[in-house]
Amino acid sequence: MTAILERRESASLWGRFCNWITSTENRLYIGWFGVLMIPTLLTATSVFIIAFIAAPPVDIDGIREPVSGSLLYGNNIISGAIIPTSAAIGLHFYPIWEAASVDEWLYNGGPYELIVLHFLLGVACYMGREWELSFRLGMRPWIAVAYSAPVAAATAVFLIYPIGQGSFSDGMPLGISGTFNFMIVFQAEHNILMHPFHMLGVAGVFGGSLFSAMHGSLVTSSLIRETTENESANEGYRFGQEEETYNIVAAHGYFGRLIFQYASFNNSRSLHFFLAAWPVVGIWFTALGISTMAFNLNGFNFNQSVVDSQGRVINTWADIINRANLGMEVMHERNAHNFPLDLAAVEAPSTNG
């Protein structure tokens, strides 16, 4: 009889825990995805802060030339970064216990792999938590779908690209200057500016910014007057009010006359779906582009594609970009190889002396 009571009490304890985890009454919703999200993101954040401040230099290229990335080793906020795991490690799983010592683990850039893998797991769980909370509240699932765009982008630069290139050392460094370095090298090696998926991503980000500014300014310009000239217009809105706070007919009429009638939405729901879908689809395409270029399916190559009747090359902007790419490729990892792959692939002319 005692054993039965103990089992019921433990089941009740587990039940209370489940109810607390899935309760929508908590100040912050936890959820089952949150059970995994919280420790992974806390780990990634903690290690990032410590490594950004105090990590020793990392042998990123695997040639015994460590690169400094932390504040205590001479960097500032702009130049500092978490240096990617060494090329000597490649794609190997490299937890602390796989190294001979903590010093070796730090020298080979172990913190980068730890941070990136925990971070990707954490943001994926955050996306799942968004869906979970929407489900519990009876909402539609589009918040999590929208968040999938930045999750896909982060996964592309931190995981898919290193897998395609064969080493975590090719992943994006975790810092401001490191991000710029990654972008420049990516352009040099993959000609991303000439990739149509990147172009769609640019249209998504810039177009999304434009549409957001247009929508916000139209709404703000067509607010229904509820206040005097001496009060803030924001005082005319009360949270939860049933009445519209702006005149969508006036906004529609203004924009329809500014451009043309059918350029303006007359349905608030389809308008807001469009505002969400445009940047999300654009960023999806960019992430897909990064993932294809990871395996060297690169941007368009129009180098020396225009010639005159004598066969002489007429340079276009594509040739200017190509020259810039070669210059950037020559400069990066300059001690790891003598020539960039484009130049080294050409057989050297023989000299008969």
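Backbone N, Cα and C atoms are what each Cβ position is placed from, and that goes for glycine too.
The phosphothreonine annotation in Swiss-Prot covers Thr2.
Here the transmembrane segment (29-46) has Cβ contacts under 8 Å with residues 20-23, 114-116, 118-119, 121-123, 125-126, 128-129, 131-133, 136 of the same chain, all six or more residues outside its ends. Under the heading transmembrane segment, Swiss-Prot lists 29-46 (among others), citing sequence analysis as support.
Annotated chlorophyll a ChlzD1 binding site per Swiss-Prot: His118, in sequence order. The 10 Å shell around the Cβ of His118 (chlorophyll a ChlzD1 binding site) contains 20 further Cβ atoms across the protein chains shown.
Through the fold, the transmembrane segment (118-133) approaches residues 24, 29, 31-34, 36-37, 40-41, 43-44, 47, 139, 141, 143-144, 147-148, 150-151, 154-155, 158-159 of its own chain, all at least 6 residues removed from its boundaries and within a Cβ separation under 8 Å. Marked as transmembrane segment by Swiss-Prot on the basis of sequence analysis: 118-133 (among others).
The annotation pheophytin a binding site is assigned in Swiss-Prot to Tyr126. If you take the C-beta of Tyr126 (pheophytin a binding site) and look for same-chain residues 6 or more apart in sequence within under 8 angstroms, you find Phe33, Met37, Leu41, Tyr147.
Long-range contacts of the transmembrane segment (142-156) within its own chain (CB-CB distance under 8 A, at least 6 residues past either end) are made by residues 119-120, 123-124, 126-128, 130-131, 134, 276, 279-281, 283-284, 286-288, 290-291, 294. Marked as transmembrane segment by Swiss-Prot: 142-156 (among others).
If you look up Swiss-Prot, you'll see Tyr161 marked as site 'Tyrosine radical intermediate'. Taking all protein chains in view, 22 other C-beta atoms sit within 10 angstroms of the C-beta of Tyr161 (site 'Tyrosine radical intermediate'). Secondary structure at Tyr161 (site 'Tyrosine radical intermediate'), taken from DSSP and collapsed to helix, strand or coil, is helix.
Around Asp170 ([CaMn4O5] cluster binding site), a 10 Å sphere centred on its CB holds 22 further CB atoms from the protein chains shown. The annotation [CaMn4O5] cluster binding site is assigned in Swiss-Prot to Asp170, Glu189, His332, Glu333, Asp342, Ala344.
Taken from Swiss-Prot, the feature transmembrane segment applies to 197-218 (among others), supported by sequence analysis.
As annotated by Swiss-Prot, chlorophyll a PD1 binding site applies to His198, with the evidence given as sequence analysis. Sequence-distant neighbours of His198 (chlorophyll a PD1 binding site) (same chain, six or more apart, CB under 8 Å from its CB) are Ile192, Thr286, Gly289, Gly299, listed in sequence order.
Counting every protein chain shown, the number of other Cβ atoms lying within 10 Å of the Cβ of His272 (Fe cation binding site) is 13. In this structure, His272 (Fe cation binding site) is part of a helix by DSSP. Residues annotated as Fe cation binding site in Swiss-Prot, with sequence analysis given as evidence: His215, His272.
Annotated quinone binding site per Swiss-Prot: His215, Ser264, Phe265, in sequence order, evidence recorded as sequence analysis. His215 (Fe cation binding site) carries a helical DSSP state (H, G or I). Just so you know, the Cβ of His215 (Fe cation binding site) picks up 17 other Cβ atoms within 10 Å once every protein chain is counted.
Among residues of the same chain six or more beyond the transmembrane segment (274-288), those with a C-beta under 8 A of the stretch's C-beta atoms are 142, 145-146, 148-150, 152-153, 155-156, 197-198, 200-205, 207-208, 211-212, 215, 265. Feature annotation from Swiss-Prot assigns transmembrane segment to 274-288 (among others).
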Query = C-alpha of Glu333 ([CaMn4O5] cluster binding site) to C-alpha of Tyr161 (site 'Tyrosine radical intermediate'): distance in Å?
reply = 18
Assigned element (helix, strand, coil) containing Tyr126 (pheophytin a binding site), judged by DSSP = helix
Task = Take the C-alpha atoms of Asp170 ([CaMn4O5] cluster binding site) and His118 (chlorophyll a ChlzD1 binding site) and report the distance between them in angstrom, rounded.
result = 18
Request  = Between the Cα atoms of His215 (Fe cation binding site) and Ser264 (quinone binding site), find the distance and write it as a whole number of Å.
outcome  = 11
Pairwise C-alpha maximum, in angstrom, for the residues (His215, Ser264, Phe265) that bind quinone according to the record = 11
Remark   = Taking only the CA atoms, the spacing between Ser264 (quinone binding site) and Tyr161 (site 'Tyrosine radical intermediate'), expressed in whole angstrom, is 40
Request  = Provide, as an integer number of angstrom, the distance between the C-alpha atoms of Glu189 ([CaMn4O5] cluster binding site) and Tyr161 (site 'Tyrosine radical intermediate').
outcome  = 12
